[in-house]
Amino acid sequence: MDSAGQDINLNSPNKGLLSDSMTDVPVDTGVAARTPAVEGLTEAEEEELRAELTKVEEEIVTLRQVLAAKERHCGELKRRLGLSTLGGLKQNLSRSWHDVQVSNAYVKTSEKLGEWNEKVTQSDLYKKTQETLSQAGQKTSAALSTMGSAISRKLGDMRNSATFKSFEDRVGTIKSKVVGDRENGSDSLPSSAGSGDKPLSDPAPF
């Protein structure tokens, strides 16, 4: 009787034969460790995609190495040419800003803002607000002009008043008096100077 078909009875004297024979069977570890294929892909397609993925990853690593080497070479050339880091930074910022300006997102945003601005300026509320502000400005200008005219008229009335004329006459009188005294003082200077020119008499001899 074959051992595979023996009765697995705990009370049977041959109860250890089946387990001993199963331990001798080799196990395929490769099959057990293999992951199941992705749903919808055959094993061949999966292997092909994995090979392509490995190739792309290797190309990415190579490109990064090439880029790093190019950047080092570029930095060395700039150093030898005397180009400062600040100049390179400005150039990079300028290039980045240009890239932003020509990007689709920036262009769409600018167009959207232009549309909003046009809608706002064409709206009735904006027009009414603009008209109100214009009218307020005109009223303010008219009020300032009226106030200036009133001040000028008031000053004219003050100059024509008796009080102002009396004050003006007093100022004129004081001015005339000051000028007259100054002229009289200048005329008296030669006489005093003339008396000073008189020669002194010789002292009497002892």
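Each position is counted from 1, following the chain as shown.
Glycine residues also receive a Cβ, built from the backbone N, Cα and C atoms like all the rest.
Residues or ranges marked as N-acetylmethionine by Swiss-Prot on the basis of similarity to another entry: Met1.
The annotation compositional bias 'Polar residues' is assigned in Swiss-Prot to 1-14.
For 1-24 (among others), the entry in Swiss-Prot reads region 'Disordered'.
Among the features that Swiss-Prot reports, coiled coil is placed at 38-82, with the record citing sequence analysis.
Marked as phosphothreonine by Swiss-Prot: Thr163 (among others). Listed in sequence order, the same-chain residues six or more apart from Thr163 (phosphothreonine) with CB atoms under 8 A from its CB number zero; the list is none. Under DSSP, Thr163 (phosphothreonine) is assigned to a helix (H, G or I) in the three-state scheme.
The phosphothreonine feature in Swiss-Prot is assigned to Thr173 (among others); the stated evidence is similarity to another entry. DSSP assigns Thr173 (phosphothreonine) to a helical segment in the three-state reduction. Every protein chain shown contributes to the tally, and the Cβ of Thr173 (phosphothreonine) ends up with 10 other Cβ atoms within 10 Å.
Sequence annotations record features per position, and here Swiss-Prot assigns compositional bias 'Basic and acidic residues' to 175-185.
Summarising the annotation, Swiss-Prot assigns region 'Disordered' to 175-206 (among others).
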